[in-house]
């Protein structure tokens, strides 16, 4: 399994629409960096957020998630409360090749501020916006800047194609747009 370089990422984005919109440069002056890097792609967080709240005294249950667990926010700067959590989405829409798995890692700019970003792997054949999990581990409110970098995606090409892609198995988050809350297939 090999890590893919900028020239491969550029070709796949421009010729096969693997990443849309796609930024060929790495933009970093005055912003949290985003765009193409040497061996990855720095994704941008969109303007829509779902911030977890305890106002309704609900319990977070991944098997029975209720919308009352979150409040919707849209804007250029999202304040994630102290020791709290938010969901967001990428600006970019991904179409993963059938022999490529992507891993997403948080950016050091946010990590050094106590902001931890989690994204599960983008499986071969996956298509959609990426839902981003943002955890504020600090005792202070924290800012997340929309339309700027939030994490870096690394692309790993398998030595051989898998038998069943995410698309083949009709994955529950396939073709998701916007922020997608937890789903359990029934």
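Using N, Cα and C of the backbone, Cβ positions are placed for all residues, glycine too.
Listed in sequence order, the residues of the same chain lying 6 or more apart from residue 133 (active site, proton donor/acceptor) and placing their CB within less than 8 Å of its CB are 85, 87, 117, 118, 119. Annotation comment: Swiss-Prot describes 133 as active site, proton donor/acceptor.
Less than 8 angstroms from the CB of residue 107 (dCTP binding site) sit 32, 33, 42, 117, 149, 150, 151, 152, each of them six or more residues away in the same chain. Sequence annotations record features per position, and here Swiss-Prot assigns dCTP binding site to 107, 108, 109, 110, 111, 112, 152, 166, 176.
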Other CB atoms, at most 10 A from the CB of residue 152 (dCTP binding site): 20
Other C-beta atoms that fall within 10 angstroms of the C-beta of residue 111 (dCTP binding site): 14
